[in-house]
């Protein structure tokens, strides 16, 4: 990288958070859904989009155009020009392959709620305390709010919903591919989803495997928002104390929230809840073996940074580190079962080989 390119890259890093905040505002304004309703391949001007917004602000068109231009620069939107009769040029915007993921799929899934979560004031405040956490110890989120992330979610209904929506929206997008391709749920009688949130993961699994009895297990303040679904029992509790019994236990994106000591504690509880032929099906982000400057690696590094700022001892692990957790919790078998992308993996912890 030459000096000029390095300087430009440094500027991009110094200003990079602005684009994320523009993206958040565009999501809040429902712009992507407005564009989607216009039909496939349609390109709209900022004025045409703004006409669907509840605003009388005379500057809204110009402001929105500048925001959409930012997203086009990041290839979140496509952009073309249209010549007007008065000789001026008007920019037209369309959905790109990237922005499709910020619109709702047939099952209502979208990455838009994850964007709102990651730029939420409650989350964002953590970053202002990261320096002090490095110097003086502690967790940035805890220093900002005097509570852990999960304690805070338990007392703030607004943030609890933002958190659950952000997790479930992203989860549904990824889980759909996993359920279609991973075959390890075949033959399972009772499946316990530990820290299953509001139950979307379990519902997707049972929709394909209707003979499975599902148990959605999470903290009581999370379970209270879980809808009732056929074939699923919602149980409130604490995975660090005990876990409901089943012949398979599903855990997704939980180990990344905890240090090894805490992971071993709930994994040992899972071990105790399983019969000899049982298994834990662990779906986690994992450090890719490829270059750490790839898009996939940057996603994982960003997620690792979030866990650093918000949870006690949380981090992204390597395959070898997951195998060490399995063996440390007493499981005799470990295997990499399936991967939906470069950044995640489905692993099986087998109680007995």
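Cβ coordinates come from backbone N, Cα and C, glycine included.
Record features, source Swiss-Prot:
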- 171, 195, 218, 238, 252: S-adenosyl-L-homocysteine binding site (BINDING)
- 218: S-adenosyl-L-methionine binding site (BINDING)
Taking residues 171, 195, 218, 238, 252, which bind S-adenosyl-L-homocysteine in the record, the widest Cα spacing (Å, whole number): 22
Number of Cβ atoms other than its own within 10 Å, given for residue 238 (S-adenosyl-L-homocysteine binding site): 13
Structural state of residue 218 (S-adenosyl-L-homocysteine binding site), classified by DSSP into three states: strand
Chain-internal residues, separated by at least six, CB under 8 A from residue 252 (S-adenosyl-L-homocysteine binding site): 171, 175, 193, 195, 201, 282, 283, 284
